Structures are given as C-alpha cells and as structure tokens.
C-alpha cells in the first residue's frame, strides 16, 4: 500500500469516527477502530489527534477544490449558482452528525491555530472563487455594472456559513437558503432581471 | 437573598465560567468557583450542568428580548437597522471566549434537545421581529412593495448567524457584516434608494 493509499484510508476512517463519536470525545483509538490500522500505526503517521485532524481538514479542502474545479457552466450566472450548489450540496449530502462534528471543530478554532489557519484558507478560497466569477460576469454584462465583487463574495460566504450553522443548531434544511440565494441573485445581481426563474 | 437574586448570581457565575473554561470542559465546580455558592448549593437549584445551561440560555433569551424592546426608532428603516445592531453588538461586545462557548453549545444542539429548543426559540423570536418591522415598513412605503417579509427576515437571520460563526472560526470582525447589511438594506429593501448613507 502506498503512502497515499494509507493516508486516504486514515482520512476515511476519521470521517466515519467523526460521524459516530463527534469531535469532543474522539480518540485515536476510535479512529483506529474504523480502520484496518492499529492505533500505533496511526501514531506512526500522525503525532497526535490534533495533527491528524489538521490533515483531515486539508483533505476536505482538497476535495472541495476538486469539486469546484469540476464545475461546467455556460456563463457566469450558471457558474455562480453552481458554486453555491457545491457548497450547499456538501452540506446536505453529509449526515447531520458530520456537519455537527465540523461545527464542533469550527468552535475550537480560537484554541487551535492549526484549525483556524485551515478554516481560513477554505474561506479565502471560496471568497476568491466568488470574486472571480462576479468580476467576469460584471465585465461581460451578465451582472449589474455596479456589483462590488469583493463585498458581494463575502456576503455570499457569510450566508452559506450561516445556513450550515443553522442546519446543526436548529435543524433547518439548506433548501430555503438555496431559494433565498437564487432569489437574491436574480433580483439584485443579474443585469437582466427576471431572466432566471427561481 | 431572594430566589431571583440567587438565580441572577448563578447566571453571572455561569457566564464567567464559560468565558474562562469554554463549554466542553465546564464543570459545576467551575461555576461554583465563580460564585459565592458551593457546588452543593448549585445542585440545590439545578439538577445537572445540562439543566443549569438550559436556564442560562433562557436567561440570555430574556435579556435579548429586553434589549430589542428598548429600541427607540423613528421609522421602520431605523428600527430594522437598530435590530441588526442589537444582534451584532451582542456579538462584538462579548469576549471572543464567550462567543466561542456559545458556538460550542450550538454544536451540541443535535445531541441536546433542551439546547435546540431554546436556540430555536431565539431564532423564531428574531425572525418574527424582522417580519413585523418589514411588513410595517412595506405597508407605510418605507420598503419596496414587493418585499417578502418572511423570506427576507430568514435571510437576515442567516446572515447574522453566519457573521457570528465566522467571528469564532476565522476571527472576522462583525464590522464588515454590518456594512454589507446596511448596503443590502439601502440598495434592495428601501423604496427610495439612496435615502440612507451607508
């Protein structure tokens, strides 16, 4: 088994262990129990639970970047909505237990610089992806000429973060956020208002 | 000391203990250490840490309702912005440690129905407050005639939830959310666009 395969196997075990145990009580033994590897073998690859979870956040980041790279869109409007959908689908296709574990990890960010750094990288990537498509759509006339890509991108990311938190906190589906965001884009960003059916 | 004073004292001790210890490792002893009361006395009032934290969420809810009741506004626009400010000020006037503890509590909601019920009540109250002022402002011509109060209210609450999560997760100030929301209100909700300077 290559190092890459071993890492992939450990990441999958970490995912299953987070779904079963949540973050707070998670131990290296829980992760080993979900994997063919022993706890000692996990420690050979990662010094601590913290290191392993940092690697896990890197793994999620890479998978997310791959998914956004796979977006095939006809124009900036399609692309913007597809990007929103990738984020929302990530949220709704995961079990609530996993979303919950991720929110637990987010809540540890102030105490764990390694977590905060990785969550910040994720957010920066997403903001930049929105800025890029908003700028392109403004320049080609898809979006209104006075759209401010940076400010709008941050706004969209804040909405998506809020939707993910609300799913865990009060059990809302992300469907209403999808509807609201499509309506926001249609009414406020699109140059030819009404061209998009919600 | 009346029961009310004792409860207030315990709530203040809980606040301090959450700021010092966070939620995950918090014990009844930590709360007793922040209070003139013994751990036994705390248990006289609350059966468990869970019961005490449910009472604490009720206490936060009541204080929040009082703060929104104190809003004095000239018109629906002022009132909407003041409501946004009450939520954002709540966020920025608290130490980051307290916001973090609250996010930890939010992340426990799927496992703790008592938490979820209270967080849901908080969210419902806020949505209804926005619906009320949006409806009034639509009817008196402050806001555009086609504003959908329910959908817009949920959108605003999702943005505010996202801003609070991002403050903990990546350390953003809520200032950029305030600016974005004022700009959103000015550009998209206000009937006479431009009447409000950001």
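In case you wondered, yes, glycine gets a Cβ from its N, Cα and C as well.
Within the listed segments A:27-46, A:47-66, TrEMBL records DNA-binding region for the stretch A:27-46. For the DNA-binding region (A:27-46), the list of distant contacts is 6-7, 9-10, 12-14, 16-17, 20-21, 52, 55: same-chain residues at least six beyond its ends, Cβ to Cβ under 8 Å.
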